[in-house]
Amino acid sequence: MGNNVVVLGTQWGDEGKGKIVDLLTERAKYVVRYQGGHNAGHTLVINGEKTVLHLIPSGILRENVTSIIGNGVVLSPAALMKEMKELEDRGIPVRERLLLSEACPLILDYHVALDNACEKARGAKAIGTTGRGIGPAYEDKVARRGLRVGDLFDKETFAEKLKEVMEYHNFQLVNYYKAEAVDYQKVLDDTMAVADILTSMVVDVSDLLDQARQRGDFVMFEGAQGTLLDIDHGTYPYVTSSNTTAGGVATGSGLGPRYVDYVLGILKAYSTRVGAGPFPTELFDETGEFLCKQGNEYGATTGRRRRTGWLDTVAVRRAVQLNSLSGFCLTKLDVLDGLKEVKLCVAYRMPDGREVTTTPLAADDWKGVEPIYETMPGWSESTFGVKDRSGLPQAALNYIKRIEELTGVPIDIISTGPDRTETMILRDPFDA
C-alpha cells in the first residue's frame, strides 16, 4: 500500500495534473505543493463547474483534506489572497483547510518587475516566463537574501530586511534594466496588511508529514509544471526555476526521500509546450491545429496558445528515468478521436546521422534533432467520457499498449474527459 503518492507531469507541463490530484484526494488526508509558485495553472471540473488553481493545492475543494504549501514553493501574498478570496466567495473555508511552511520564500512586487525587465532585455532570446516573479524569487532564495513567510513574525526586522533587499534590486532595475524603481513603502504596507493571515497558517510541515507517516495517513504530493522543465534536468535554459522531478518532493516539503511510495506520471496522449525551447515533434500543419482546437490548448495561467505535436516517447523515457515512475495516468486520449493515423516518436536522428533513444540535456544540443516516428491506425469512435477499458476502440487500446511497451511503465489511470468522473482507475496508487 502506498501512503505517500507523488503526482507530477512527465512532459512540459499542462498534462492534466490538477484533475487527477483532485480525483485521488478522495482518499487523502493531506495534499502538498512542493515546488513552483502561482505560475502553475491546475484546472478542475466538478459537476460541470470549473475551478482554476494557481498556488493553492488541488485538494482545497474537499472538506476532509488539509492542503499544504511546502517550503519549495515561492509564495506571492497577493496571489494567495486573491485565490483565497475567490474560493471563499464560493463558500469554501480556505483558512480552515490550508497550511504553510514558514520557509516559503515570498514573491513581492520587485520580483515581478525584475522578471518582466529581464525578459524584455533578452529580446528574441526570451525564455517565455509567465512574468509572475518566480525566477527572481528563487534567485533571491539561492543568494540567501530572500524574505520568507517566517520573517513576517517580526515586523520590525522584516521592514529592515525589505529595505535592504529593495535598495539592491531597485539599483539593478534603474541602472541596468533602465526600468522604474519599485516603491518600498507600498510593498511594505501591502505585505504587512496580510502578514497576520499568513503567519496564522504556518506549521512545521516536515514534522506534520512525519507524524502523518507514522499514523499511516494518505498524503498526495502535487507537482507543478513538468519534468522536462526541471531546472537541472530540463531543456536548459528554457526551463522553470524549480525541481519539477520527484526529487523535489523531499527538498520541497521535508519528507524523507525513502518514504515516497508511488510516483504517478501524468502523460498527455500527445505533446504540448508553452513558450520557447526545443520541441522535436511540434506540428505546424492542420494536425497541429486540430490538436490545439480539440484539446483547448490555451494556458490556464497565461491564456497563451500552446504548441502542439505528437507524443514523444524518447522524452517521456527521460521522465521515467528521472522520476522512477511507478505508473502513468494517460490524459486527453479523446483529443485524438477522429484522426486517421496517430504517430509516436520512438527515436531521434541527430544532425550527424546517428539514431538515439535518449534526449540531449542542454537546449543547444537539441538543435537539428529530427523525430523518428512509428505510425499507427487512428480511430473514428469517440472515447470521450468512456469509463471502462472495454469501451475503448481497439486502435486506442493498441496505442495505449504501445506506449507501455516503449516506456516500460504501466498506464494505471486513463482520463477521457475534464470531469473527475470521466476517468478509469485501473490501479489505484494508494493500493499499489
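In case you wondered, yes, glycine gets a Cβ from its N, Cα and C as well.
Taken verbatim from Swiss-Prot:
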- 13-19, 41-43, Arg306, 332-334, 415-417: GTP binding site (BINDING)
- Asp14, Gly41: Mg(2+) binding site (BINDING)
- Asp14, Glu15, Gly16, Lys17, Asn39, Ala40, Gly41, His42, Thr130, Arg144, Gln225, Thr240, Arg304: IMP binding site (BINDING)
- Asp14: active site, proton acceptor (ACT_SITE)
- His42: active site, proton donor (ACT_SITE)
- Ala300, Thr301, Thr302, Gly303, Arg304, Arg305, Arg306: substrate binding site (BINDING)
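Projection of Swiss-Prot feature records onto the structure.
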residue	record	DSSP (3 states)
Gly13	GTP binding site	coil
Asn39	IMP binding site	coil
Thr130	IMP binding site	coil
Gln225	IMP binding site	coil
Arg305	substrate binding site	strand
Leu333	GTP binding site	helix
Thr416	GTP binding site	coil
Task: Among Gly13, Gly16, Gly41, Gly303 [binding-site residues], residue with fewest other Cβ within 10 Å - done: Gly303
Open item on the list: Given the binding-site residues Asn39, Thr130, Gly303, Arg304, Arg305, tell me which ones have a C-alpha lying within 10 Å of the C-alpha of Gly13 (GTP binding site).
Closed with: none
- [ ] Would you list, in sequence order, the binding-site residues among Asp14, Gly16, Lys19, Thr130 whose CA lies within 10 Å of the CA of His42 (active site, proton donor)?
- [x] Asp14, Gly16, Lys19
- [ ] State which of the following binding-site residues has the fewest other Cβ atoms within 10 Å around its Cβ: Arg304, Arg306.
- [x] Arg304
- [ ] Whole number in angstrom, please: the longest C-alpha to C-alpha distance across Asp14, Glu15, Gly16, Lys17, Asn39, Ala40, Gly41, His42, Thr130, Arg144, Gln225, Thr240, Arg304 for IMP.
- [x] 34
- [ ] Give the distance between the Cα atoms of Asp14 (Mg(2+) binding site) and Thr130 (IMP binding site), rounded to the nearest whole Å.
- [x] 14
Open item on the list: Return the residues near Thr416 (GTP binding site) by Cβ distance under 8 Å, restricted to its own chain and a separation of at least 6 in sequence.
Closed with: Leu333, Asp334, Thr383, Phe384, Gly385, Val386, Lys387, Glu422, Thr423, Met424
Task: Most Cβ neighbours inside 10 Å, all chains, among the recorded positions His42, Arg305 - done: His42
Open item on the list: Out of Asn39, Thr130, Gln225, which of these binding-site residues shows the lowest number of other CB atoms within 10 Å of its CB?
Closed with: Thr130
